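K.L.:
To start, I am sharing the structure in question, which I have written as structure tokens.
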Amino acid sequence: MRPDGIAGFALTIAAPAKINLALHVVGQRADGHHLLESLVTFAECGDGIGLAAAEADHFTVSGRFAPDLSPSAENTSGNLVLRARDVLRRELASQGRAAGPVHLHLEKNLPVASGIGGGSADAAATLRGLLSLWGASLEPARLGSLALELGADVPMCLDGRPLIARGIGEEITSIPDLPSFAIVLVNPLVEVSTPVVFRLLIRKSNPPLVLPENLRSTAAWLAALASMRNDLEPPARALEPMIEAVSTALEDAGATLVRMSGSGATCFGLFADEKSASLAAETISASQPRWYVRATRTAGKSG
């Protein structure tokens with residue numbers, strides 16, 4: 001997203017990529033929802049949501065990955081941005097508050113169905129942007145409930161800060177001491193179905209995520225991360241072999257830690273510094289020009 005916002009819109013809200021540094025599947029509820037424990041951070045890159053008051057509701061899309069959105073993206077039922085608008089509008093209407101017509105624009109910079117929370121981040125950004133545009137506010141707990149109606153990953157995307165998510169994603173604990181990492185995101189531009197990955201998961205109850213106390217240095221955090229895992233990575237690799245090629249490319253480029261994010265197919269590599277990350281991204285892009293490759297930083301504590 002351009003740093004000066006999306007041209008022609010009164011307001012632009014960033015929708016940063018969500019990175020699952022670790023994702024442990026620890027159980028399954030009777031209703032079928034899986035219980036997760038995930039260490040999450042957010043990247044400086046992502047999608048963008050433009051908002052402006054309008055005479056009638058309007059939705060437009062641009063960006064590298066706009067053509068990859070399904071035809072249903074312009075229908076309310078298949079679009080988290082429009083669903084977020086409608087859920088928030090109904091909530092405000094129930095309180096007798098105005099929520100007028102709006103032009104929403106999605107700048108789609110992240111690959112679709114890629115394991116880095118693009119749709120969820122877009123929905124969260126839409127909720128935050130519309131509250132600002134409409135001059136409204138909600139109690140944090142109520143906003144979180146509305147976000148959960150849209151999807152399990154939406155509540156964690158509201159603040160864009162490092163956290164641990166538990167339950168189905170709604171139990172959120174802030175992790176203010178997580179360092180900012182130089183990171184490279186790589187996706188081979190193959191979509192991976194989250195429901196299929198979960199169905200292929202053989203063991204539904206795995207060891208929990210354990211976060212050691214007194215992690216004071218980046219090195220200590222990296223050691224802790226190395227002991228964690230993404231339980232969805234083995235079934236995702238079985239479903240899409242290109243994930244292994246992506247991981248290998250990051251390892252060969254010198255990443256200190258490589259792991260898949262979410263249900264894939266995006267993998268990330270953590271690097272010692274931004275220069276190393278940029279060089280790695282250039283190397284991978286040169287050998288795989290059709291892949292999505294992005295060097296960036298994550299949210300977190302500097303120094």
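Residue numbers in this text run from 1 along the chain shown.
Cβ atoms here come from the backbone N, Cα and C positions, even for glycine.
Relevant sequence annotations retrieved from Swiss-Prot are reproduced here:
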type	residues	note
ACT_SITE	Lys18	active site
ACT_SITE	Asp153	active site
BINDING	Pro111, Val112, Ala113, Ser114, Gly115, Ile116, Gly117, Gly118, Gly119, Ser120, Ala121	ATP binding site
K.L.:
For the recorded ATP site, whose residues are Pro111, Val112, Ala113, Ser114, Gly115, Ile116, Gly117, Gly118, Gly119, Ser120, Ala121, find every other residue on that chain with a C-beta no more than 8 angstroms from the centre of their C-beta atoms, and list them by sequence position.
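P.N.:
Surrounding the site, in chain order, are Ala17, Lys18, Leu110, Gly262, Thr266.
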K.L.:
Would you say which of the binding-site residues Ala113, Ala121 has the most Cβ atoms within 10 Å of its own Cβ?
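P.N.:
Buried the deepest by this measure is Ala121.
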K.L.:
Determine, to the nearest whole angstrom, how far the Cα atom of Pro111 (ATP binding site) is from the Cα atom of Lys18 (active site).
P.N.:
12
K.L.:
According to DSSP, collapsed to three classes, what secondary structure does Gly119 (ATP binding site) have?
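P.N.:
Reduced to three states, the DSSP call for Gly119 (ATP binding site) is helix.
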K.L.:
Including all protein chains shown, what's the count of other C-beta atoms within 10 A of the C-beta of Gly117 (ATP binding site)?
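P.N.:
Cβ-Cβ neighbours of Gly117 (ATP binding site) within 10 Å number 30.
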K.L.:
Reported as an integer number of Å, what is the Cα distance between Ala121 (ATP binding site) and Lys18 (active site)?
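P.N.:
Each residue's Cα considered, Ala121 (ATP binding site) and Lys18 (active site) end up 7 Å apart.
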K.L.:
Where among the binding-site residues Pro111, Gly115, Gly119 do you find the Cβ with the fewest other Cβ atoms within 10 Å?
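P.N.:
Selected from the binding-site residues Pro111, Gly115, Gly119 on minimum Cβ neighbours within 10 Å: Pro111.
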K.L.:
Please report the distance from the Cα of Asp153 (active site) to the Cα of Gly115 (ATP binding site), rounded to the nearest angstrom.
P.N.:
11
K.L.:
I'm trying to understand the geometry here, so how far is the Cα atom of Gly119 (ATP binding site) from the Cα atom of Lys18 (active site), in Å to the nearest whole number?
P.N.:
10
